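Residues or ranges marked as region 'Disordered' in TrEMBL: 1-26. Per TrEMBL, the feature repeat 'ANK' maps to 28-60, 61-93, 94-126, 159-191, 192-224, 225-257.
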Amino acid sequence: VNETRRLLRIPDPPSVTATKSPNCRNERGETPLWLAANAGALDVARTLVEAGANVDCRNERGETPLWIAGQNGQLSVARLLLGLGADIDCQRRSGESVLWIAACNDHLRLVELLLRNGARQDLLNQVGICPLWIAACNCNADIVDSLLQADNVDCRRSGGESALWIASQSDCPRVVQKLLTAGAEVDTTNSEGQSALWAASRLGHAKISAQLLVAGADVNLSSNFGETPLWVAAHNGHADAVKLLLNFGAAAGSRDRRLASSPVENAARNRHPEVLRLLLSNGICESTS
């Protein structure tokens, strides 16, 4: 109760109900229960609910007490609110659900609690990101494992990047392997035609590239601009990725559609001597003028 008084900013009130409604709001639309959930103050939350607090009151961003408990990993408060019938699938104004935000912030036990209570996994935020996608982006293999279902393994955001694509770009080998094992499409591309292998090669993630290639990724799949994984790896000077791609039969003579340049020309122009040596040692020799 003392904590309730502090949260309500009332000097020495006799009780919650005798001073202010438990559903009063501050300038951000946050109720005392929202603030208690935010802080993980279980006893305060219970006191407020007993005094008539609305468990689904939203602040100006559309966040409920359960939502903020999910963001902060407040497991006990979340369990209390769920037991009182709080909306498990509430979404704030930008579309993130309770499950989404718990997955985003790596709160595995809270994710498991929400799933056990029937939280929907198909709710997207405004840019089309699902909970599995954000967990893959964060390299959280345990949460990805909890969220994986046959019908969501290839979930994509609005730009076309799948969970496998973003895990490949983020250099998450455990997540990549879990997604591949679950049947993720290995040659998935985004709206620019860039594959997961392309994304890994661009950043020099050779281990990820190897996983994708072993799983059957097309080593020569080019983007909408004609940039192959080898092209972009050479362009950025990633020698390990270049060597790997060559070993898997990458075509070194391909040219992109914007610069009309080849991997050899990229390596020479951008001063990547180790990459240039690798390409030349594989019998690739052409004019760099």
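Cβ from N, Cα, C; glycine included.
Please treat TrEMBL annotations as automatic predictions, because they have not gone through curation.
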| field | Contact set, same chain, for the repeat 'ANK' (61-93): CB under 8 Å, 6 or more residues outside the stretch | value | 29, 31, 33-34, 36-42, 45-46, 49, 55, 99-102, 105, 107, 109-110, 113-114, 117-120, 123, 125
| request: Could you tell me what the rest of the chain brings near the repeat 'ANK' (225-257), counting residues at least six beyond its ends with Cβ under 8 Å? | output: 192-195, 197-198, 200-206, 209-210, 213, 219, 263-264, 266-267, 270, 272, 274-275, 278-279, 282, 284, 286
